[in-house]
Amino acid sequence: MLGPSLALLILFTHWPAVNTLIDSVYSTPRPRRPSRFVGPANFEQMMADPIFWQAMWNNLWFALGTIPTSIALALLMAVWVNDRIAGRTLVRMAYFTPTVLPMIAVANIWLFFYTPQYGLLAQILGAFGITGPNWLGSNETALFAVTVVAVWKEAGFFMIFYLAALQTISPSLAEAAALEGASRWTYFRRIQFPLLMPTTLFVLVNAVIGAFRTIDHIFVMTRGGPDNATALLLFYIYQVGFSFWDTGYAAALTVVLLALLGLLALIQYGVLERRVHYR
Amino acid sequence: MSEVYAPRGWGKVAETAGAWLLALIWIAPLAYAVWTAFHPSEFSTRFELFAPLTLDNFKRAWEAAPFARYFLNTFLLVTGVLACQLVLCTLAAFAFARYEFPGATVVFALVLAQLMIMPDVLIVENYKTMSRLGVLDSIPAIGLPYVASAFGIFLLRQTFKMVPKELDDAARVEGASPMQVLWRVYVPLGRPVYIAYGLVSVSYHWNNFLWPLIVTNSVESRPLTVGLQVFSSTDQGIDWAIICAATLMTSAPLLIGFLLFQRQFVQSFMRAGIK
(Lines of atoms letter the chains of each structure in order from A and count residues from 1; the text may use other names and numbers.)
(Lines give C-alpha, C1' and ligand atoms only; values in the text may rest on other atoms or scores of the structure.)
Protein backbone atom coordinates (compact mmCIF):
# COMPACT_ATOMS: atom_id res chain seq x y z
CA MET A 1 0.00 0.00 0.00
CA LEU A 2 2.91 2.31 0.71
CA GLY A 3 4.77 1.29 -2.42
CA PRO A 4 3.55 3.78 -5.03
CA SER A 5 3.74 6.80 -2.72
CA LEU A 6 7.18 5.89 -1.45
CA ALA A 7 8.50 5.24 -4.95
CA LEU A 8 7.34 8.68 -6.11
CA LEU A 9 8.60 10.42 -2.99
CA ILE A 10 12.01 8.84 -3.41
CA LEU A 11 12.07 9.66 -7.13
CA PHE A 12 11.06 13.33 -6.77
CA THR A 13 12.20 14.30 -3.27
CA HIS A 14 14.91 12.13 -1.73
CA TRP A 15 16.84 11.06 -4.80
CA PRO A 16 17.02 14.59 -6.27
CA ALA A 17 18.01 15.95 -2.86
CA VAL A 18 20.90 13.48 -2.62
CA ASN A 19 21.80 14.07 -6.26
CA THR A 20 21.94 17.80 -5.63
CA LEU A 21 24.58 17.15 -2.98
CA ILE A 22 26.59 15.02 -5.41
CA ASP A 23 26.22 17.43 -8.33
CA SER A 24 27.37 20.33 -6.20
CA VAL A 25 30.93 18.95 -6.12
CA TYR A 26 30.99 18.25 -9.87
CA SER A 27 31.45 20.71 -12.72
CA THR A 28 28.66 21.42 -15.19
CA PRO A 29 28.85 19.04 -18.18
CA ARG A 30 29.44 20.89 -21.45
CA PRO A 31 29.28 19.46 -24.99
CA ARG A 32 33.07 19.14 -25.20
CA ARG A 33 33.88 18.80 -21.52
CA PRO A 34 32.12 16.09 -19.52
CA SER A 35 31.37 16.70 -15.87
CA ARG A 36 34.29 16.03 -13.53
CA PHE A 37 34.88 16.10 -9.78
CA VAL A 38 35.87 19.57 -8.67
CA GLY A 39 35.53 19.33 -4.90
CA PRO A 40 34.49 22.58 -3.23
CA ALA A 41 35.10 24.69 -6.37
CA ASN A 42 31.40 25.48 -6.86
CA PHE A 43 31.14 26.62 -3.26
CA GLU A 44 34.29 28.73 -3.59
CA GLN A 45 32.77 30.35 -6.65
CA MET A 46 29.63 30.99 -4.61
CA MET A 47 31.53 32.66 -1.77
CA ALA A 48 33.09 35.03 -4.31
CA ASP A 49 29.83 35.64 -6.19
CA PRO A 50 28.37 39.05 -5.29
CA ILE A 51 24.98 38.16 -6.83
CA PHE A 52 24.69 35.13 -4.55
CA TRP A 53 25.30 37.29 -1.50
CA GLN A 54 22.87 39.85 -2.73
CA ALA A 55 20.22 37.17 -3.30
CA MET A 56 20.82 35.90 0.24
CA TRP A 57 20.46 39.35 1.76
CA ASN A 58 17.44 40.12 -0.40
CA ASN A 59 15.82 36.89 0.72
CA LEU A 60 16.61 37.64 4.35
CA TRP A 61 15.02 41.10 4.11
CA PHE A 62 12.11 39.64 2.17
CA ALA A 63 11.58 37.06 4.94
CA LEU A 64 11.93 39.66 7.68
CA GLY A 65 9.49 41.90 5.82
CA THR A 66 6.84 39.30 5.04
CA ILE A 67 6.78 36.88 7.98
CA PRO A 68 6.09 39.14 11.01
CA THR A 69 3.89 41.53 9.02
CA SER A 70 1.64 38.90 7.51
CA ILE A 71 1.32 37.00 10.81
CA ALA A 72 0.48 40.18 12.77
CA LEU A 73 -2.04 41.26 10.13
CA ALA A 74 -3.56 37.77 10.06
CA LEU A 75 -4.03 37.84 13.83
CA LEU A 76 -5.61 41.29 13.69
CA MET A 77 -7.93 40.21 10.88
CA ALA A 78 -8.94 37.06 12.73
CA VAL A 79 -9.75 38.93 15.95
CA TRP A 80 -11.81 41.44 13.95
CA VAL A 81 -13.86 38.97 11.96
CA ASN A 82 -14.35 36.80 15.03
CA ASP A 83 -16.31 39.61 16.72
CA ARG A 84 -19.86 40.33 15.69
CA ILE A 85 -19.26 43.33 13.47
CA ALA A 86 -21.57 44.50 10.69
CA GLY A 87 -20.89 42.79 7.37
CA ARG A 88 -18.60 40.21 8.94
CA THR A 89 -19.01 37.69 6.11
CA LEU A 90 -18.12 40.26 3.46
CA VAL A 91 -15.07 41.45 5.37
CA ARG A 92 -13.90 37.87 5.88
CA MET A 93 -14.33 37.23 2.17
CA ALA A 94 -12.36 40.35 1.26
CA TYR A 95 -9.42 39.23 3.40
CA PHE A 96 -9.41 35.71 2.05
CA THR A 97 -9.94 36.38 -1.67
CA PRO A 98 -6.28 37.09 -2.58
CA THR A 99 -5.45 33.56 -1.38
CA VAL A 100 -7.47 31.86 -4.11
CA LEU A 101 -6.04 33.98 -6.93
CA PRO A 102 -2.92 32.80 -8.78
CA MET A 103 0.12 34.83 -7.69
CA ILE A 104 1.08 35.22 -11.33
CA ALA A 105 -2.31 36.85 -12.02
CA VAL A 106 -2.30 39.27 -9.10
CA ALA A 107 1.25 40.26 -9.99
CA ASN A 108 -0.10 41.59 -13.29
CA ILE A 109 -2.53 43.80 -11.43
CA TRP A 110 0.07 45.05 -8.96
CA LEU A 111 2.45 45.72 -11.82
CA PHE A 112 0.04 48.34 -13.05
CA PHE A 113 -0.33 49.85 -9.57
CA TYR A 114 3.39 50.42 -9.44
CA THR A 115 3.79 51.79 -12.98
CA PRO A 116 5.32 55.26 -12.89
CA GLN A 117 3.38 58.27 -14.23
CA TYR A 118 0.07 56.64 -15.06
CA GLY A 119 -0.06 53.74 -12.57
CA LEU A 120 -2.63 53.83 -9.80
CA LEU A 121 -0.19 54.67 -7.00
CA ALA A 122 1.42 57.41 -9.08
CA GLN A 123 -2.01 58.90 -9.76
CA ILE A 124 -3.08 58.82 -6.12
CA LEU A 125 0.20 60.41 -5.02
CA GLY A 126 -0.06 62.84 -7.93
CA ALA A 127 -3.41 64.05 -6.61
CA PHE A 128 -1.52 65.21 -3.52
CA GLY A 129 1.19 66.78 -5.63
CA ILE A 130 3.76 64.09 -4.82
CA THR A 131 5.90 62.46 -7.49
CA GLY A 132 6.24 58.85 -6.37
CA PRO A 133 9.37 56.84 -7.06
CA ASN A 134 9.57 54.30 -9.84
CA TRP A 135 8.56 51.60 -7.38
CA LEU A 136 9.77 48.55 -9.29
CA GLY A 137 12.46 50.31 -11.27
CA SER A 138 14.63 51.73 -8.52
CA ASN A 139 17.02 49.86 -6.27
CA GLU A 140 15.70 51.36 -3.05
CA THR A 141 12.02 50.51 -3.44
CA ALA A 142 11.80 47.38 -5.64
CA LEU A 143 12.32 44.82 -2.86
CA PHE A 144 9.86 46.67 -0.63
CA ALA A 145 7.29 46.70 -3.45
CA VAL A 146 7.44 42.93 -4.01
CA THR A 147 7.33 42.35 -0.24
CA VAL A 148 4.05 44.26 0.02
CA VAL A 149 2.49 42.04 -2.65
CA ALA A 150 3.54 38.88 -0.77
CA VAL A 151 2.07 40.16 2.50
CA TRP A 152 -1.18 41.09 0.79
CA LYS A 153 -1.40 37.62 -0.75
CA GLU A 154 -0.63 35.60 2.40
CA ALA A 155 -2.21 37.42 5.35
CA GLY A 156 -5.75 36.24 4.55
CA PHE A 157 -4.62 32.63 4.32
CA PHE A 158 -3.06 32.73 7.78
CA MET A 159 -6.14 34.52 9.13
CA ILE A 160 -8.20 31.38 8.50
CA PHE A 161 -6.04 29.31 10.85
CA TYR A 162 -6.19 31.94 13.59
CA LEU A 163 -9.93 32.21 13.16
CA ALA A 164 -10.32 28.46 13.54
CA ALA A 165 -8.17 28.49 16.68
CA LEU A 166 -10.00 31.47 18.21
CA GLN A 167 -13.28 29.65 17.83
CA THR A 168 -12.05 26.66 19.82
CA ILE A 169 -11.22 28.80 22.89
CA SER A 170 -13.86 28.12 25.51
CA PRO A 171 -16.07 31.14 26.37
CA SER A 172 -15.84 30.23 30.05
CA LEU A 173 -12.23 31.43 30.03
CA ALA A 174 -13.36 34.91 29.00
CA GLU A 175 -16.04 34.91 31.68
CA ALA A 176 -13.55 33.85 34.33
CA ALA A 177 -11.12 36.55 33.21
CA ALA A 178 -13.87 39.18 33.28
CA LEU A 179 -14.83 38.16 36.83
CA GLU A 180 -11.23 38.73 37.86
CA GLY A 181 -11.49 42.18 36.33
CA ALA A 182 -8.98 41.62 33.51
CA SER A 183 -9.09 44.21 30.72
CA ARG A 184 -9.69 43.25 27.09
CA TRP A 185 -5.99 43.70 26.38
CA THR A 186 -4.94 41.59 29.39
CA TYR A 187 -7.34 38.87 28.31
CA PHE A 188 -5.81 38.86 24.84
CA ARG A 189 -2.21 38.96 26.08
CA ARG A 190 -2.50 36.46 28.91
CA ILE A 191 -5.14 34.04 27.65
CA GLN A 192 -5.96 34.24 23.93
CA PHE A 193 -2.43 34.80 22.65
CA PRO A 194 -0.80 31.94 24.64
CA LEU A 195 -3.57 29.58 23.56
CA LEU A 196 -2.89 30.57 19.96
CA MET A 197 0.78 29.59 20.16
CA PRO A 198 0.40 26.19 18.41
CA THR A 199 -1.37 28.00 15.57
CA THR A 200 1.35 30.62 15.47
CA LEU A 201 3.94 27.88 15.16
CA PHE A 202 2.02 26.25 12.32
CA VAL A 203 1.59 29.58 10.54
CA LEU A 204 5.23 30.46 11.13
CA VAL A 205 6.42 27.23 9.51
CA ASN A 206 4.25 27.99 6.48
CA ALA A 207 5.38 31.60 6.34
CA VAL A 208 9.06 30.65 6.48
CA ILE A 209 8.74 28.03 3.74
CA GLY A 210 6.74 30.56 1.73
CA ALA A 211 9.38 33.27 2.08
CA PHE A 212 11.97 31.03 0.44
CA ARG A 213 9.67 29.47 -2.12
CA THR A 214 7.31 32.18 -3.33
CA ILE A 215 8.89 33.82 -6.33
CA ASP A 216 6.06 33.74 -8.90
CA HIS A 217 5.47 37.48 -8.73
CA ILE A 218 9.17 38.18 -9.33
CA PHE A 219 8.78 36.73 -12.84
CA VAL A 220 6.05 39.19 -13.76
CA MET A 221 7.07 42.25 -11.81
CA THR A 222 10.87 42.57 -11.89
CA ARG A 223 12.62 39.43 -13.21
CA GLY A 224 15.03 39.89 -10.33
CA GLY A 225 15.95 43.41 -11.33
CA PRO A 226 16.74 46.22 -11.27
CA ASP A 227 20.38 45.26 -10.88
CA ASN A 228 19.44 42.09 -8.92
CA ALA A 229 17.68 44.16 -6.26
CA THR A 230 14.81 41.65 -6.12
CA ALA A 231 16.73 38.44 -6.94
CA LEU A 232 15.66 35.97 -4.24
CA LEU A 233 17.59 32.74 -3.68
CA LEU A 234 15.21 30.42 -5.57
CA PHE A 235 14.94 32.91 -8.42
CA TYR A 236 18.72 33.01 -8.70
CA ILE A 237 18.78 29.18 -8.75
CA TYR A 238 16.27 29.31 -11.60
CA GLN A 239 18.41 31.81 -13.50
CA VAL A 240 21.64 29.89 -13.02
CA GLY A 241 20.01 26.55 -13.81
CA PHE A 242 17.75 27.47 -16.70
CA SER A 243 19.05 30.72 -18.20
CA PHE A 244 22.79 30.02 -17.92
CA TRP A 245 22.41 26.20 -17.84
CA ASP A 246 25.14 26.04 -15.18
CA THR A 247 23.73 23.00 -13.39
CA GLY A 248 26.76 22.35 -11.18
CA TYR A 249 26.63 25.82 -9.72
CA ALA A 250 22.83 25.67 -9.46
CA ALA A 251 23.23 22.45 -7.44
CA ALA A 252 25.59 24.20 -5.03
CA LEU A 253 23.08 27.04 -4.63
CA THR A 254 20.30 24.50 -4.04
CA VAL A 255 22.39 22.85 -1.31
CA VAL A 256 22.45 26.21 0.48
CA LEU A 257 18.67 26.53 0.18
CA LEU A 258 18.16 22.95 1.41
CA ALA A 259 20.52 23.54 4.34
CA LEU A 260 18.65 26.72 5.18
CA LEU A 261 15.25 25.00 5.11
CA GLY A 262 16.61 22.07 7.13
CA LEU A 263 18.09 24.38 9.74
CA LEU A 264 14.85 26.32 10.01
CA ALA A 265 12.94 23.06 10.43
CA LEU A 266 15.26 22.04 13.27
CA ILE A 267 14.87 25.40 15.00
CA GLN A 268 11.12 25.37 14.60
CA TYR A 269 10.48 21.83 15.76
CA GLY A 270 13.32 21.53 18.23
CA VAL A 271 13.47 24.85 20.00
CA LEU A 272 10.13 26.53 19.52
CA GLU A 273 8.01 23.43 19.99
CA ARG A 274 9.24 23.09 23.57
CA ARG A 275 8.19 26.62 24.38
CA VAL A 276 4.76 26.31 22.83
CA HIS A 277 1.94 25.70 25.22
CA TYR A 278 -0.19 22.81 24.06
CA ARG A 279 -3.65 22.10 25.27
CA MET B 1 -16.63 34.47 20.84
CA SER B 2 -17.79 35.10 24.32
CA GLU B 3 -19.92 38.17 24.87
CA VAL B 4 -18.06 39.60 27.87
CA TYR B 5 -15.24 41.03 25.79
CA ALA B 6 -17.27 41.86 22.72
CA PRO B 7 -16.64 45.51 21.83
CA ARG B 8 -19.38 47.97 22.70
CA GLY B 9 -20.23 51.58 21.90
CA TRP B 10 -17.40 53.57 20.33
CA GLY B 11 -15.07 50.62 20.60
CA LYS B 12 -17.36 48.67 18.34
CA VAL B 13 -17.62 51.53 15.85
CA ALA B 14 -13.84 51.88 15.72
CA GLU B 15 -13.34 48.16 15.28
CA THR B 16 -15.92 47.93 12.51
CA ALA B 17 -14.41 50.92 10.74
CA GLY B 18 -10.91 49.46 10.98
CA ALA B 19 -12.04 46.07 9.72
CA TRP B 20 -13.88 47.67 6.80
CA LEU B 21 -10.98 49.92 5.87
CA LEU B 22 -8.60 46.98 5.76
CA ALA B 23 -11.14 44.97 3.77
CA LEU B 24 -11.38 47.79 1.22
CA ILE B 25 -7.60 47.91 0.86
CA TRP B 26 -7.52 44.13 0.50
CA ILE B 27 -10.16 43.94 -2.20
CA ALA B 28 -9.04 47.07 -4.11
CA PRO B 29 -6.63 45.32 -6.51
CA LEU B 30 -9.29 42.85 -7.58
CA ALA B 31 -11.96 45.55 -7.81
CA TYR B 32 -9.61 47.56 -9.98
CA ALA B 33 -8.98 44.60 -12.30
CA VAL B 34 -12.72 44.02 -12.68
CA TRP B 35 -13.29 47.71 -13.49
CA THR B 36 -10.55 47.78 -16.09
CA ALA B 37 -11.51 44.51 -17.74
CA PHE B 38 -15.11 45.59 -18.30
CA HIS B 39 -14.38 49.09 -19.64
CA PRO B 40 -12.66 50.33 -22.82
CA SER B 41 -8.92 50.83 -22.37
CA GLU B 42 -9.09 54.62 -22.21
CA PHE B 43 -10.85 54.21 -18.84
CA SER B 44 -8.04 52.08 -17.34
CA THR B 45 -6.69 55.14 -15.58
CA ARG B 46 -9.75 57.39 -15.66
CA PHE B 47 -12.54 56.49 -13.33
CA GLU B 48 -15.91 57.73 -14.47
CA LEU B 49 -19.00 56.28 -12.91
CA PHE B 50 -20.89 56.00 -16.18
CA ALA B 51 -18.10 54.82 -18.43
CA PRO B 52 -19.48 52.42 -21.04
CA LEU B 53 -19.32 48.71 -20.17
CA THR B 54 -17.83 46.30 -22.67
CA LEU B 55 -16.88 42.66 -23.09
CA ASP B 56 -14.54 43.51 -25.92
CA ASN B 57 -11.38 43.12 -23.78
CA PHE B 58 -12.27 39.50 -23.02
CA LYS B 59 -12.94 38.81 -26.67
CA ARG B 60 -9.62 40.29 -27.75
CA ALA B 61 -7.66 38.50 -25.04
CA TRP B 62 -9.35 35.20 -25.92
CA GLU B 63 -8.44 35.65 -29.60
CA ALA B 64 -4.87 36.79 -28.91
CA ALA B 65 -3.75 33.58 -27.20
CA PRO B 66 -4.94 29.93 -27.17
CA PHE B 67 -6.71 30.28 -23.83
CA ALA B 68 -9.15 27.46 -24.62
CA ARG B 69 -6.21 25.09 -24.84
CA TYR B 70 -4.70 26.49 -21.63
CA PHE B 71 -8.00 25.96 -19.82
CA LEU B 72 -8.17 22.37 -21.03
CA ASN B 73 -4.56 21.75 -19.94
CA THR B 74 -5.12 23.19 -16.48
CA PHE B 75 -8.35 21.23 -16.10
CA LEU B 76 -6.64 17.96 -17.10
CA LEU B 77 -3.70 18.72 -14.80
CA VAL B 78 -5.82 19.57 -11.77
CA THR B 79 -8.21 16.64 -12.06
CA GLY B 80 -5.47 14.15 -12.93
CA VAL B 81 -3.27 15.19 -10.02
CA LEU B 82 -6.18 15.15 -7.58
CA ALA B 83 -7.40 11.71 -8.68
CA CYS B 84 -3.94 10.17 -8.31
CA GLN B 85 -3.30 11.96 -5.03
CA LEU B 86 -6.55 10.71 -3.52
CA VAL B 87 -5.79 7.07 -4.38
CA LEU B 88 -2.11 7.08 -3.40
CA CYS B 89 -2.52 9.13 -0.23
CA THR B 90 -5.46 7.01 0.94
CA LEU B 91 -3.47 3.81 0.57
CA ALA B 92 -0.37 5.21 2.27
CA ALA B 93 -2.35 6.86 5.07
CA PHE B 94 -4.21 3.61 5.75
CA ALA B 95 -0.94 1.71 5.99
CA PHE B 96 0.51 4.25 8.42
CA ALA B 97 -2.66 4.45 10.52
CA ARG B 98 -3.53 0.79 10.87
CA TYR B 99 -0.45 -1.37 10.37
CA GLU B 100 2.56 -1.73 12.58
CA PHE B 101 5.73 -2.54 10.73
CA PRO B 102 9.42 -2.21 11.61
CA GLY B 103 10.78 1.24 10.85
CA ALA B 104 7.34 2.82 10.49
CA THR B 105 8.47 6.00 12.30
CA VAL B 106 11.51 6.38 10.08
CA VAL B 107 9.48 5.85 6.91
CA PHE B 108 6.89 8.35 8.11
CA ALA B 109 9.63 10.89 8.83
CA LEU B 110 10.92 10.34 5.27
CA VAL B 111 7.43 11.14 3.99
CA LEU B 112 7.16 14.28 6.11
CA ALA B 113 10.47 15.55 4.73
CA GLN B 114 8.49 16.60 1.65
CA LEU B 115 6.60 19.19 3.71
CA MET B 116 9.84 21.12 4.00
CA ILE B 117 11.48 20.15 0.70
CA MET B 118 8.75 20.72 -1.86
CA PRO B 119 9.44 19.68 -5.47
CA ASP B 120 9.65 23.41 -6.34
CA VAL B 121 12.98 23.65 -4.53
CA LEU B 122 14.55 20.79 -6.50
CA ILE B 123 13.73 22.18 -9.94
CA VAL B 124 17.11 21.46 -11.52
CA GLU B 125 17.25 17.78 -10.52
CA ASN B 126 13.58 17.15 -11.21
CA TYR B 127 14.02 18.66 -14.65
CA LYS B 128 16.84 16.20 -15.32
CA THR B 129 14.65 13.32 -14.13
CA MET B 130 11.83 14.35 -16.45
CA SER B 131 14.30 14.64 -19.29
CA ARG B 132 15.61 11.11 -18.61
CA LEU B 133 12.07 9.78 -18.46
CA GLY B 134 11.46 11.50 -21.79
CA VAL B 135 8.29 13.22 -20.64
CA LEU B 136 9.40 16.86 -20.81
CA ASP B 137 6.78 19.28 -22.03
CA SER B 138 3.78 17.12 -21.13
CA ILE B 139 0.97 17.44 -18.61
CA PRO B 140 2.01 14.34 -16.61
CA ALA B 141 5.46 15.91 -16.18
CA ILE B 142 3.84 18.88 -14.42
CA GLY B 143 1.84 16.70 -12.08
CA LEU B 144 4.12 13.73 -11.29
CA PRO B 145 6.31 15.30 -8.58
CA TYR B 146 3.21 16.31 -6.62
CA VAL B 147 1.24 13.08 -6.82
CA ALA B 148 2.68 11.53 -3.66
CA SER B 149 1.75 14.33 -1.30
CA ALA B 150 3.13 14.33 2.25
CA PHE B 151 0.42 16.78 3.28
CA GLY B 152 -2.34 14.46 2.00
CA ILE B 153 -0.82 11.38 3.63
CA PHE B 154 -0.42 13.24 6.93
CA LEU B 155 -3.96 14.63 6.88
CA LEU B 156 -5.63 11.31 6.03
CA ARG B 157 -3.49 9.39 8.52
CA GLN B 158 -4.71 11.67 11.32
CA THR B 159 -8.29 11.10 10.18
CA PHE B 160 -7.98 7.34 9.88
CA LYS B 161 -6.39 7.11 13.32
CA MET B 162 -9.55 8.56 14.82
CA VAL B 163 -11.74 5.80 13.36
CA PRO B 164 -12.74 3.50 16.26
CA LYS B 165 -10.86 0.21 16.11
CA GLU B 166 -14.08 -1.66 17.00
CA LEU B 167 -15.66 -0.58 13.72
CA ASP B 168 -12.67 -1.93 11.85
CA ASP B 169 -12.71 -5.22 13.82
CA ALA B 170 -16.44 -5.69 13.32
CA ALA B 171 -16.07 -5.38 9.58
CA ARG B 172 -13.21 -7.87 9.56
CA VAL B 173 -15.20 -10.37 11.63
CA GLU B 174 -17.87 -10.12 8.96
CA GLY B 175 -15.21 -11.33 6.54
CA ALA B 176 -14.32 -8.06 4.80
CA SER B 177 -10.85 -7.83 3.25
CA PRO B 178 -8.60 -4.91 4.26
CA MET B 179 -9.40 -3.15 0.98
CA GLN B 180 -13.13 -3.54 1.58
CA VAL B 181 -12.74 -2.17 5.11
CA LEU B 182 -10.82 0.80 3.76
CA TRP B 183 -13.37 1.48 1.07
CA ARG B 184 -16.52 0.91 3.14
CA VAL B 185 -15.49 2.16 6.59
CA TYR B 186 -12.56 4.55 6.43
CA VAL B 187 -13.15 6.43 3.19
CA PRO B 188 -16.80 7.35 3.94
CA LEU B 189 -15.86 8.54 7.44
CA GLY B 190 -13.08 10.71 6.00
CA ARG B 191 -15.37 12.56 3.59
CA PRO B 192 -15.02 16.07 5.06
CA VAL B 193 -11.24 15.72 5.05
CA TYR B 194 -11.30 14.54 1.43
CA ILE B 195 -13.29 17.60 0.44
CA ALA B 196 -10.94 19.90 2.34
CA TYR B 197 -7.88 18.30 0.82
CA GLY B 198 -9.45 18.38 -2.64
CA LEU B 199 -10.04 22.13 -2.43
CA VAL B 200 -6.50 22.79 -1.21
CA SER B 201 -5.02 20.61 -3.95
CA VAL B 202 -7.13 22.07 -6.75
CA SER B 203 -6.35 25.66 -5.81
CA TYR B 204 -2.66 24.86 -5.37
CA HIS B 205 -2.28 23.25 -8.79
CA TRP B 206 -4.53 25.73 -10.55
CA ASN B 207 -2.24 28.50 -9.28
CA ASN B 208 1.12 26.73 -9.47
CA PHE B 209 3.59 28.46 -11.77
CA LEU B 210 7.34 27.89 -11.37
CA TRP B 211 7.53 24.15 -12.06
CA PRO B 212 5.06 24.21 -14.98
CA LEU B 213 7.03 27.13 -16.45
CA ILE B 214 10.22 25.10 -16.38
CA VAL B 215 8.89 21.80 -17.61
CA THR B 216 6.63 23.01 -20.43
CA ASN B 217 7.43 25.02 -23.53
CA SER B 218 4.60 24.46 -25.96
CA VAL B 219 0.97 25.45 -26.21
CA GLU B 220 -0.09 21.78 -26.04
CA SER B 221 1.02 21.35 -22.45
CA ARG B 222 1.14 24.84 -20.94
CA PRO B 223 -1.31 25.49 -18.09
CA LEU B 224 -3.16 28.79 -17.66
CA THR B 225 -0.65 30.42 -15.32
CA VAL B 226 2.25 29.92 -17.74
CA GLY B 227 0.06 30.90 -20.67
CA LEU B 228 -0.91 34.11 -18.91
CA GLN B 229 2.70 34.98 -18.22
CA VAL B 230 3.73 34.37 -21.83
CA PHE B 231 0.75 36.43 -22.95
CA SER B 232 1.35 39.44 -20.73
CA SER B 233 5.11 39.59 -21.21
CA THR B 234 5.21 39.33 -25.01
CA ASP B 235 2.43 41.83 -25.54
CA GLN B 236 3.99 44.93 -27.06
CA GLY B 237 2.37 48.26 -26.31
CA ILE B 238 0.87 47.18 -23.02
CA ASP B 239 -2.91 47.37 -23.04
CA TRP B 240 -3.88 47.04 -19.40
CA ALA B 241 -7.53 46.42 -20.16
CA ILE B 242 -6.68 43.29 -22.15
CA ILE B 243 -4.17 42.05 -19.58
CA CYS B 244 -6.74 42.55 -16.82
CA ALA B 245 -9.32 40.64 -18.85
CA ALA B 246 -6.87 37.76 -19.36
CA THR B 247 -5.92 37.85 -15.69
CA LEU B 248 -9.56 37.64 -14.62
CA MET B 249 -10.27 34.81 -17.06
CA THR B 250 -7.39 32.83 -15.61
CA SER B 251 -8.59 33.25 -12.06
CA ALA B 252 -12.32 33.15 -12.83
CA PRO B 253 -13.15 29.47 -12.23
CA LEU B 254 -11.52 29.42 -8.79
CA LEU B 255 -12.88 32.84 -7.94
CA ILE B 256 -16.45 31.95 -8.92
CA GLY B 257 -16.17 28.64 -7.09
CA PHE B 258 -14.94 30.50 -4.05
CA LEU B 259 -17.73 33.08 -4.15
CA LEU B 260 -20.39 30.37 -4.52
CA PHE B 261 -19.04 28.05 -1.87
CA GLN B 262 -17.40 30.65 0.34
CA ARG B 263 -18.49 29.04 3.59
CA GLN B 264 -17.42 25.50 2.74
CA PHE B 265 -14.21 26.81 1.22
CA VAL B 266 -13.13 28.73 4.29
CA GLN B 267 -14.19 25.97 6.65
CA SER B 268 -12.37 23.31 4.68
CA PHE B 269 -9.19 25.39 4.80
CA MET B 270 -9.69 25.67 8.56
CA ARG B 271 -10.15 21.94 8.90
CA ALA B 272 -7.12 21.23 6.74
CA GLY B 273 -5.03 23.42 8.98
CA ILE B 274 -5.95 21.89 12.30
CA LYS B 275 -3.46 19.26 13.24
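Each position is counted from 1, following the chain as shown.
Every residue, even glycine, has its Cβ placed from backbone N, Cα and C.
Per TrEMBL, transmembrane segment is recorded for B:20-38 (among others).
As annotated by TrEMBL, transmembrane segment applies to B:70-97 (among others).
Residues or ranges marked as domain 'ABC transmembrane type-1' by TrEMBL: B:71-261.
Annotated transmembrane segment per TrEMBL: B:103-123 (among others), in sequence order.
TrEMBL lists B:135-156 (among others) with the feature transmembrane segment. The list of residues near the transmembrane segment (B:135-156) in space but at least 6 beyond its ends in sequence, with Cβ under 8 angstroms from a Cβ of it, reads 73, 76-77, 80-81, 84-86, 88-90, 92-94, 96-97, 111-115, 119, 126-127, 190, 193, 196-197, 200-201, 205, 208, 211-212, 215-218, 220-221, 223, 272.
Beyond its flanks by at least six residues, the transmembrane segment (B:240-261) meets 33-34, 36-37, 39-41, 43-44, 57-58, 60-62, 64-65, 67, 202-203, 206-207, 224-225, 227-228, 231-232 of its own chain at Cβ-Cβ distances under 8 Å. Under the heading transmembrane segment, TrEMBL lists B:240-261 (among others).
Counting only same-chain residues 6+ beyond the ends of the transmembrane segment (B:20-38), those with a CB under 8 A from a CB of the stretch are 44, 47, 53-55, 57-58, 240-241, 244-245, 247-248.
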